[in-house]
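Report on the structure given below.
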């Protein structure tokens, strides 16, 4: 939310810099005294956690790239060399691999928090769309990074996913095949493919960092949402970001690092696949191709639809539909806490996403395939049918008159009741 600057340069250097490149003023206004709703809880700390994990991924990725060899003959061996011969290479490699899982874990929680508390509603539509764009870039980056191991599972995952573009041949004959060969740089997955994936995987984290800056900028215009969804009305509804929320964010980051450390030091391969310790073999297909766990819900949607082209449409649509949530939700209430009917559908949606993750890890047959299709239907029905309809017919609970009232239980006489 816009607020007047209270920064006063205290030294000659600060005064000189303030008239030329006012970075101290920017940091003071946007991260020091920036007003935050006083009732935000620990679900709002995942933004700081994600920023920390992005920094971890960029730093470890840069160092790993110094030792990685993007060739079909040397990729797998260079990864093993990092593990054995590079000082602290095992820590860097595991920190990067486990860090990717932790990054997605935090991103999914951050996304579901936004869904639950209506952080996509006006005037935060651009903020939400930038967040979805970051999620899409994360998926693309992780897919390309997964391929760089050049193990048996990652090689065939690249082959299967890139081959999906051949479904475009049903629309325009030859289009899909031409596109796939252009991506591969040849007639099969090989060294040109690996070089392209490596180059893009190195580039994308910096693009993500750029979009994150836009995301934070878009957040600081309308201000942060809060658990009630009621907008800030008076100064008593807010607290300065520092020290109240820097302490909370810092504490949350430390706790998250403990979880990160458990996997990093005690179970670094738990979230991976053992087949990736087998060098890529183009002549032997694994009996069951499984992507990383954070791709499994989308993979389940892809396999639940029998037609290849429609499966690809479903896979892409599962992410694209998130961009339109601000206009699909017809309710005037932000927070699901005040929506008694929609709350049940929301938690069923969460269960549905978890179930899709499970079905994505299983062979697509029998009852698992059937339930995968049911969950796929509900995934899209939640956004395209339930969200628009329930918002029109639901009678929400009474909202507090102000944020202060929701915290202290006292009515703020300076602000009339709000409906978010």
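Glycine is no exception: its Cβ is also placed from the backbone N, Cα and C atoms.
The feature heme b b562 binding site is assigned by TrEMBL to 96, 201. Sequence-distant neighbours of residue 96 (heme b b562 binding site): residues of the same chain at least 6 apart with a C-beta under 8 Å from its C-beta are 57, 60, 61, 64.
Under the heading heme b b566 binding site, TrEMBL lists 110, 215. DSSP assigns residue 110 (heme b b566 binding site) to a helix in the three-state reduction. Cβ neighbour count for residue 110 (heme b b566 binding site): 20 (other Cβ atoms within 10 Å of its Cβ, all protein chains included).
A 10 Å cutoff on Cβ-Cβ distances gives residue 220 (ubiquinone binding site) a total of 17 other Cβ atoms nearby, all chains included. The ubiquinone binding site annotation in TrEMBL covers 220.
Here the domain 'Cytochrome b/b6 N-terminal region profile' (13-228) returns a mean pLDDT of 96 for the predicted model. Annotation comment: TrEMBL describes 13-228 as domain 'Cytochrome b/b6 N-terminal region profile'.
Summarising the annotation, TrEMBL assigns domain 'Cytochrome b/b6 C-terminal region profile' to 231-401.
Tertiary neighbourhood of the transmembrane segment (42-65): same-chain residues 82, 92-93, 95-96, 99-100, 102-103, 106-107, 109-110, 113, 117, 145, 198, 201-202, 205-206, 208-209, 212, 224, 227, 245, 248-253, 256, selected by CB-CB distance under 8 Å and a gap of 6+ residues from either end. The annotation transmembrane segment is assigned in TrEMBL to 42-65 (among others).
Annotated transmembrane segment per TrEMBL: 86-106 (among others), in sequence order. Through the fold, the transmembrane segment (86-106) approaches residues 46, 49-50, 53-54, 56-57, 60-61, 63-64, 67, 79, 138, 142, 145, 256, 259-260, 263-264, 268, 271-272, 292-294 of its own chain, all at least 6 residues removed from its boundaries and within a Cβ separation under 8 Å.
Residues or ranges marked as transmembrane segment by TrEMBL: 126-149 (among others).
Per TrEMBL, the feature transmembrane segment maps to 156-184 (among others).
Within its own chain, the transmembrane segment (199-219) is flanked in space by residues 30, 51, 54, 57-58, 61, 65, 124, 126-127, 130-131, 133-134, 137-138, 140-141, 144-145, 148, which lie at least six positions past its ends and keep a Cβ under 8 Å from the stretch. The transmembrane segment annotation in TrEMBL covers 199-219 (among others).
Marked as transmembrane segment by TrEMBL: 250-267 (among others).
TrEMBL lists 309-329 (among others) with the feature transmembrane segment.
Sequence annotations record features per position, and here TrEMBL assigns transmembrane segment to 341-359 (among others).
Residues or ranges marked as transmembrane segment in TrEMBL: 371-393 (among others).
Taking Cβ-Cβ distances under 8 Å and a sequence separation of 6 or more, the neighbours of residue 201 (heme b b562 binding site) in its chain are 61, 141, 144, 145, 148. Comparison of 156-184, 309-329, 341-359, 371-393 by number of C-beta pairs under 8 angstroms to the transmembrane segment (126-149) places 309-329 first. Taken residue by residue with DSSP, residue 220 (ubiquinone binding site) is part of a helix.
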